[in-house]
Structures are given as C-alpha cells and as structure tokens.
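Input: a single structure, listed below in structure tokens.
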Amino acid sequence: MFLTPRLVILLPTVLFLLGADAKIPRVAHPGSKQAKYLASKRPTTTAAQVSGSFTGTGWSASAPEVSAPYANIWQELTNDEAADVIAFLHNQTNLNLTAAADAGSWDNSVMRVEIVTPNKTDVLPFVDNSQRKPERWARAAIWVGATTEPYVIEYQIGPLPISSDSTLTSLDWLTTKGTTYQRNYDADEDLTSEFMYNVSASVQDIVTDLLNGTASGSDDDDLDIWGIDPLWHPTPDTTVQWVTYWRIPSSIFDGETLMPQGLYFEVNTTGRDPLGWSVIGWLYRDVYYNSTENFRAAWEAGELEKSALNLEGPWIGTDYRGPTTSVGANSTMWGSEKAPPVMVPPSGEDGIRYKVDVENKYVEWMDFSFYIAFRRDSGMRLFDIRYRGERIVYELGLDEALAHYAGNDPVQSGTAYLDTYYGFGPYAFELLAGYDCPTYSTFLNSTFHAEEVSTTHPNSICLFENDQGYLIQRHSDDAYVASTKNIAFTVRSASTVGNYDYNFDYTFYLDGTIEIVVRASGYIQSAHYYGNDDYGYHIHSGLSGSMHDHVLTFKADIDILGTSNSFANHTVAPVTTTYPWSHGMERSTMKLFRSYIDNEDNSKLLWPENAHSMFMIVNKDAPNEFGEPRGYRIMPSKGGGMHATIQNSSNLINSMNFATHALYVTKQKDTEPRASNANNDYDPANPVVDFAAFFDGESLDQEDLVVWFNLGMHHVPHTGDLPNTVFTTAQGSMQILPHNYLLHDPSRDSLQTVRIDYNDSGVQAVHTFGASFATGLVNLTSTVPEFWDYRGDIDVRKFPYDPQHPYNDTESIV
Ligand SMILES: [Cu+2]
C-alpha cells in the first residue's frame, strides 16, 4: 500500500498541477499544459456539469434525517471560512504573501488552511455539561521561500468567524520540537528536476544505448527521473538525493512504478544556487562510478553489460485481458460475464435503518452514534462515538502511514514515505457507487483547502448497512435452530496516494464491536531486478517486487464511562499447581493473570506471542455487578497488528517513533493530538512532532488514556501483485470490543433473530419476534451504477475568491 513516489520529480508535466501537495507550492491554472496532460489520462468534468448539479452538502442524502445533538465542532473549514482566513492572512503584511496562483519558489504563499481540532478538554464541558462552545480556530501552513534558507511554518488564526478580534498566533504548542518552523531543503524542486534532466542530457548517448529513451522534462519523454524520499543530509549542511529512471506509460494505465530502468545517479543539491549543484556518482548493475567521466569511460570501453529493461505491455494494465493471457489460453472465468449477486435495500429508501444529519455529518445506526470529520493530512476521522448513549471513543482516525522500502539500490534503500506529507485528503476522490460501495449507500462530500483552492470530493465518504455473509450467532440441537443475522454498518473512504489505493472502513457491529480496517490496492513501487534477491522476489523480466513495510498508525482515544480509565493486561499462562482435590499431585494447567500497565514508561507494547494476553481499557471505578471492571478490549483481527521491521531508519531518523511497536498507550494531552505532522518529512531528523516525546513517565492509572495502534503488513510483492495488489490479502484490521461492559451479548436486542422449533414430525413453531421480512419486487436495474455521473473532484479558487466558477482538477501523483 501506500507507495507514494516523490511527486516533485515525477512527471514534470504533472508537477505544477498538484496544488494540494504540501511540497508542491505552485498551482497550474485549469487549461494549462499540465491540466491537459491529466485530462488525457483521466476524464474530467466540465465546470458546467459541476455547477449544474452540485449542492455542496452531499450528493445523496436518501437516509432518514436526524438532527445532531450538537453541531459538528470538528468539521473542516467551510469554503467561506477558508476564503476569509486566506484573506486575513494576505492582510498580514509581515507575512509578505503572494497569491498561490502567482507564487514562485522564492515567494511566500499559503500552502493549506484547515480547522484546528478543538481541544478535548474544551469540548467535553460543552458536549457533556452544556458549557461554553469551544472557539473555532484555523491553522495555516505557510511556505516561506523568500530567503536563502526556505522553510515552512504553521500559525493559528482565530477565533472564527474572522472579526476584529481575530489574531494570528503561534501554533508551537502543538509540537514536540517547540516550534512549527521546519526547514525545507527541497524548495527548488523545479530547478532540481531541470538539473537532473540536464545531467541526463549530458549522457544522452549512454541513456539511449542502455535504456532506449529520453528524460528531458518534455511531453514527448518516454523516461522519467525521480528517487528517494525524504532527501538525505550526510552532513547537516549538505543535501543529496539518489534518483533513477522510470519508463512513462504511453497508455492510460498508471504503471510507471512497475517500470524502473536500473540506472541511478546521485546529485548534491545543497543550497539554492543551481551553479553549486553537482553529480556525485552513478550506479549501474551494482557498480558505482564516482563521476560522470568514469561512468562514460566504462561505457565507451564497452564494460557495461545491458540489463533487461522493464517495458510497457498489457501486463501493466488492469483491464480484463481476454481468453489468452500469460498464464495460458482459455483462462476466462466461466460465468463471469453474468451479473453477480447484488446488494439491495429491501424497500428502497424506506428500508434504510440509519439516520444522517448531512450538514453535521452525524450518523445514528442501531445503538451507535458518531460524527465524521475530514482532514487534509489524514482523511476521514470519527468523533464522539457513542454506544447505548455512552461515549466509547472520543476520537478515531489515521495519524500517519509509513511505507519503508529496502534494497541494494540507493533509491529503494532511500525510500521511506510518510504519506500524510502528501495527504490522504487530497486524494480521497469520489467513490464509485456500485463498486466502492453499494449503490444504495448514502454518500457524503469532503473538502480540503490547499494552495488557496478549496477542493470538494463529491461522494467521497459512503455509509451503508450490509449483511456480513455469516451469522453473528447460531445454535441448533435436536429440538431447535436459532440464528441471528450479522448486519453491520460501515463508513468508508478511499485515497489514491500515488500508485497505491488505501481503503478505510470503520464498521459497527450489533454486539457493540467497532472494527477499523485498512486495505491496499493499486500499483506497487518496484525495483529493477539486479542482485536484489535478498530484497524481494523476481516478478517480471527485469523486475523485483521491492520489499517494504506498511505501517499505518491510528489514534483511538477510548473513554469508558468517563475519562478516568486504566489499561489492563489479562494474560493466560501455563502453571503447575496442586488443588485440595488433587491428592497432592501437581497438575499442569493454566491461569488468568490480571495486571495493569500503569505508567508511560511501560506502555510501548507488542502483541503477545500466541495472542495469550488481552489488552483492555477499563474503568476501575465502574465495576459491573459481579465486580469486574467494565471495559473495551482492543484486539487485532484481519492480518494482525504489526510494527516496522527497521527500528532505526537511516532515512527517517526521528520521524518514525510511532512505528517501533504494535501499540502504545499515553495519557491524553491537548498538546499531543497527533502522533506525527505532515511537515516532518521535510526534515525527518528534526520532526515537528516526535512521537517518542509523548512518553514522559506519566501515570496511566485512572487517567484519560489514548491508544495508538499500527496496522499494515510486511509487503514482499509476488507475481500476484501484478498488475495491482489486491485488497483480499493486503489488509489489516483492529477490533475495539466490549469486555465485561454489558451483562450479556447485546446482539440479542436485534429483532433479526429467528428460532425454529422442530421434531420428528417437522417444524412445530417459528419465532420471528416481530421482525419484518423483505417483500415486493426488486428493481435490479436500479442497482446499476450511473457511470457517467462520476466526477472526481470540484475546485474553487480562493484568492481571489471565485465561487461562481468551479472547475475539475483531479490530481494524480504518478
Ligand atoms: Cu505494498
């Protein structure tokens, strides 16, 4: 999952279109050469189509309405709020801002504006005790380019709405570094790309001979040059980067990351003056040349044996291939041309069993309720998840996604993506009804504001109820059979961050369980195959499936009957013991051992071998009537929990301390809202937020606790990852489930239960408990998606504010 090639040096034709990207400070105008390139790759919607039908609140709101008990105080900035904040920033003359649309790398400009997630300690008095509503504040990331040492910095602006009382102040309180200042060593990426193309041009005869292509930054190129992420600093004052050649697909298929070409070079790009930049060396077939001259001499001497090239072919396409494929003839799956079973709601919209407040993104389903928010960095998050009226989870969402590669070549070895730098929000495109989600889903929009453009992804969050395909309960004997349907409710979004597609599910079950699932599909980032059998499998002629770890860090702020909670560890372990009845004989057996993890000094945890321990958030002061503390357990489900293999990354240094263990418990602090920061990637040795700093020996005994857990996989791509990784296996999930929380299984309160009594004479009684059954006819045609309605995104220019002229500008990193 989660392969995000460094877009700054990816396709020069696309670069300047990526307004939402943190490292890409400049925006192309619709209709530019770049926009046309994308238009050729991805069908776009005209502004007329966009403005004709878009309501701004949600494409579909067919679910019964409900009024949220209070306004969604976590919701992203509205388009108007964002425009006001950006205008306010432009009025701060000391910021010396240039409109993002006009800014160059030597200007200062607004990278993104967003809501400051309100402090929990301000929210709870408002939500629980009707005290003062928390003020609404925005945060802004500013690109400071008008200096020889460019940097990015964040401020907070508020209160909102903007008035004479509003101020711009420091956001340093949200960091562990003490400042949001983050040095940007890649401010001149357009020039570094140009420099690399010039380097390539200086050896074009060799590139033609070895790679049969050209990388010059023009639209006619068949090769691309990009490499490590983040950049390296061998000394604090030096910036270097290794890059390699990739073949640009000529078809619509986005398979560039499947076509590495096996030639690498290293450049020194220290400072802002391209005249000071230089080539350090070249690498080909595991031989290092310490100058371009030496590389050329070897080539001219005929010493360079040619490697197999990775060339475009049907193998990179994801279309149906036809009956003749690489695995042989007549391999079409029999019957696959027939329409498969489809999901339908029993009575159309009347049958929908959940309620939605679209304006507040508030949802009620069965015994659960929650609010949805959306962030540029991390995408969808949930707040104030309540079960049977009690808050179970205050906040649940992704905090960071690491994809750490390895290899014998410097580009794979130097790649360790921190995906919130690119952001999940910018790439959470419209979901495809009928494919991503059932056609009967309720779809919500999401919005983020970057480069002074507000982008709305229509239908990018879906809500639906469906049958899980297995029962939640059954039992039978010689007199009866009893069964309960396992109907669950899912909130879903998907983000295409570079070559990989992440699917995020939050699923709610009738037994009170919440499941967090992340799945990955899309294109792997591969390596050229040469001498790297220790780093992955040989999966195509010149291709290694470059091994890598995906670690996705989630925050789960769990509250059990208030915020005074403890973290329990109940372990089953083998013992040898005697009993009064065992006549003095020792018996080999097992016992349950109860303990607590009561301090942050001991709260970096691994999932126990053989799953012999249960971890729970409990409230010691709220035992049930049998004396057991009520709680919720956290437990890996699909794929299990995991952590990074590499513990002291040469690439990320101090910026992956959230990935060293499988889960962590900390005391909740308003100053520690997120395990990472999108700007860490600019200078990973000096992260804005270093998760390690959260652990400062504080008590975890009846305190407000936060659990941070990792999902992901150790991904060693095999031939089945071609052309795309598949969701069936690339998935991980965690369950948060009631543990002595109620006095019985709450799914007994679902009416979707049947008991059939029978004997030798046949069925004697059928008990359906008053549940309705589906009746009438189904219009199956109504389940066919409206493919031609798909739009991707809708953009509105903020400075100058131009809400009357939305346009489509769907982004792609690769
Ligand atoms: Cu992967």
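Think of each number as a place in line: the chain as shown, counted from 1.
Just so you know, glycine gets a Cβ as well, placed from its N, Cα and C.
Please treat TrEMBL annotations as automatic predictions, because they have not gone through curation.
Taken from TrEMBL as is:
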- 1-22: signal peptide (SIGNAL)
- 85-161: domain 'Copper amine oxidase N2-terminal' (DOMAIN)
- 256-322: domain 'DUF1965' (DOMAIN)
- 350-747: domain 'Copper amine oxidase catalytic' (DOMAIN)
- Tyr500: active site, schiff-base intermediate with substrate (ACT_SITE)
- Tyr500: 2',4',5'-topaquinone (MOD_RES)
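Secondary structure at the residue listed as 'active site, schiff-base intermediate with substrate', taken from DSSP and collapsed to helix, strand or coil, is strand.
Residue counts of the domain 'DUF1965' (256-322) by helix, strand and coil are 18 helix, 19 strand, 30 coil (DSSP-based). When DSSP labels each residue, the domain 'Copper amine oxidase N2-terminal' (85-161) comes out as 20 helix, 28 strand, 29 coil, counted as helix, strand and coil in that order. Model confidence over the domain 'DUF1965' (256-322) stands at 96, taken as the mean pLDDT rounded to a whole number. Around Tyr500 (active site, schiff-base intermediate with substrate), a 10 Å sphere centred on its CB holds 31 further CB atoms from the protein chains shown.
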